[in-house]
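A.B. asks: Encoded as structure tokens, here's the structure I'll be asking about.
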Amino acid sequence: MVAVAILAAGRGTRMKSNLPKVLHRLGGYSLVERVLNSCQLLNPSRQLVIIGYEGEQVRDSLQQLDSLEFVEQKEQLGTGHAIQQLLPHLEGFQGDLLVLNGDVPLLRPQTLENLLNIHKTHRNAATLLTAHLPNPKGYGRVFCDNNNLVTQIVEDRDCNAAQKQNHRINGGIYCFNWQQLAAVLPKLSADNDQKEYYLTDVVKFLAPVMAVDVEDYLEITGINDRKQLAMANGILQNRVKDHWMAQGVTLIDPDSITIDDTVELQTDVIIEPQTHLRGKTSIGKGSRLGPGSLIENSHIGDNVTVLYSVITESQVASGCRVGPYSHLRGQAQIGESCRIGNFVEIKKSVIEQKSNVAHLSYLGDATLGEQVNVGAGTITANYDGVQKHRTIIGKGTKTGANSVFVAPVTLGEEVTVAAGSVVTHDVPDRALVIARQRQRIIEEWKKTIESKK
């Protein structure tokens, strides 16, 4: 049985932000969400989030997650003080406690699983995650015997010249036997320059304490400022892109492409430069995206082409061509084999298969049947100043260039709309609608004007 405690009480002053540090986003999740995700493979019996600065904001951001317990640290007096706040909450708990930092978001689930397994196998009082860094400056050094049992942890500022040659550092990730830890937590002292209670100080009261090296030291990258957040994003992006290229996805210029790790891609997808996939997005096999496109929280079917376009909260079925310079938003649903072309905006509309909206159009709150052809410059006037209204256009209808449909209005099937029409009333099946001023020519108009000068 294992409980997880996540340290999420700090403000993160170096972020220069009103937002708590752990709520800054990395890919599709906040930092603290990523930490929570990393430990789900362990199936923890309890998950406790220690909150402090803007604690209600942290709590509200995680309210969609089940089984979280929130523990308040009213004063931020160090990591040891944070864990002391768990004493009344874990009274009588008989298992192990895994301690994670809410600002260390790149841990792999397998790393934590390995840490816990070694901890249990050796029946350690404490097991900590360590790493060998090329440049360990600023990190506490961990000293071990030949059996990886910890003999000493020395903070960087307290290391002498010889100790600084040790590149094995403390990653700040711990697994404790809770009952043994609970017995020594009251012994912690704030007798140091920072006047804080350090969790590392419990090591001198516990035995055995073992160190376990992380396979990739980048996993323990912590976030303290915007530069480190950007570095972590680069590490995450490399992981994600390496994964998808190994699965049969082509990235034309990986450095210019971003893909959230919440995105799902099928084989033979091709992603062109300056394309960004975000949120809960899925892309079907053989689709070609970009260059210069943004797709967020959307589903794209098989063999779709998206060129210089923005698609958010929408669905595009197989065989469609979108762009250049199209904007789909607000639950737009595009059926199979449709063409959505240059400078077209579609909002909260359903367009059925084999329909074309090729140029310079706005369709909002509309439903188009199959094989509708929308002429250039077609607009649905869906807002009366108070509420939105729907436009319904039946199967096989053709709208002329520069048409306006003043909603609510319904056009039947196979209707022909003359160019320049402003349609305000329903139109029956197979009708021709001409809703424009009859052309009038006044000859010699120029001469009339000149005579008045």
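Any Cβ shown, glycine's included, is placed from N, Cα and C.
Swiss-Prot feature annotations, pasted as is:
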REGION    1-226  region 'Pyrophosphorylase'
BINDING   7-10, K21, Q73, 78-79, G140, E155, N170, N224, R329, K347, Y362, N373  UDP-N-acetyl-alpha-D-glucosamine binding site
BINDING   D103, N224  Mg(2+) binding site
REGION    227-247  region 'Linker'
REGION    248-453  region 'N-acetyltransferase'
ACT_SITE  H359  active site, proton acceptor
BINDING   A376, N382, Y383, A419, R436  acetyl-CoA binding site
A.B. asks: Please give the acetyl-CoA site's span as the largest CA-CA distance among A376, N382, Y383, A419, R436, to the nearest whole angstrom.
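C.D. replies: Max span of the acetyl-CoA binding residues, Cα based, is 22 Å.
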A.B. asks: Taking each of L7, K21, G78, R329, Y383, R436 in turn, which of these binding-site residues have a Cα lying within 10 angstroms of the Cα of H359 (active site, proton acceptor)?
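C.D. replies: Final answer: none.
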A.B. asks: Go through A9, A376, the listed binding-site residues, and name the one with the sparsest Cβ surroundings, counting other Cβ atoms within 10 Å.
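C.D. replies: If we count Cβ atoms within 10 Å for the binding-site residues A9, A376, the smallest count is at A376.
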A.B. asks: Give the residue from the binding-site residues N170, N224 that has the most other Cβ atoms within 10 Å of its Cβ, counting over every protein chain displayed.
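C.D. replies: Of the binding-site residues N170, N224, the highest Cβ count within 10 Å belongs to N170.
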A.B. asks: Looking only at C-alpha atoms, tell me how far A419 (acetyl-CoA binding site) is from L7 (UDP-N-acetyl-alpha-D-glucosamine binding site), rounded to the nearest Å.
C.D. replies: 65
A.B. asks: For G78 (UDP-N-acetyl-alpha-D-glucosamine binding site), what is the tally of other C-beta atoms lying within 10 angstroms of its C-beta?
C.D. replies: 21
A.B. asks: Hey, what's the Cβ neighbour count for D103 (Mg(2+) binding site) at 10 Å?
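C.D. replies: Neighbour count, Cβ to Cβ under the 10 Å cut-off: 27.
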A.B. asks: Looking only at the region 'Linker' (227-247), how are its residues distributed among DSSP helix, strand and coil?
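C.D. replies: Split into helix, strand and coil, the region 'Linker' (227-247) gives 20 helix, 0 strand, 1 coil.
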A.B. asks: Cα-Cα, whole number of Å: D103 (Mg(2+) binding site) versus N170 (UDP-N-acetyl-alpha-D-glucosamine binding site)?
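C.D. replies: The Cα atom of D103 (Mg(2+) binding site) is 15 Å away from the Cα atom of N170 (UDP-N-acetyl-alpha-D-glucosamine binding site).
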A.B. asks: May I ask for the distance between G78 (UDP-N-acetyl-alpha-D-glucosamine binding site) and N224 (Mg(2+) binding site), taken between their Cα atoms and rounded to an integer number of Å?
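C.D. replies: Distance (Cα to Cα, whole Å): 15 Å.
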A.B. asks: Under DSSP, is A376 (acetyl-CoA binding site) part of a helix or a strand, or is it coil?
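C.D. replies: Reduced to three states, the DSSP call for A376 (acetyl-CoA binding site) is coil.
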A.B. asks: DSSP three-state call for N170 (UDP-N-acetyl-alpha-D-glucosamine binding site): helix, strand or coil?
C.D. replies: strand
A.B. asks: How many other Cβ atoms are found within 10 Å of the Cβ atom of H359 (active site, proton acceptor), counting all protein chains shown?
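C.D. replies: So the Cβ neighbour count for H359 (active site, proton acceptor) comes to 15.
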A.B. asks: Return the single residue from the binding-site residues list (L7, A419) that has the minimum number of other CB atoms within 10 Å.
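C.D. replies: Minimum Cβ neighbour count within 10 Å, taken over the binding-site residues L7, A419, occurs at A419.
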A.B. asks: Express the predicted model's confidence over the region 'N-acetyltransferase' (248-453) as a mean pLDDT, rounded to an integer.
C.D. replies: 97
A.B. asks: Please report the distance from the Cα of K21 (UDP-N-acetyl-alpha-D-glucosamine binding site) to the Cα of N382 (acetyl-CoA binding site), rounded to the nearest angstrom.
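C.D. replies: About 42 Å separates the two Cα atoms.
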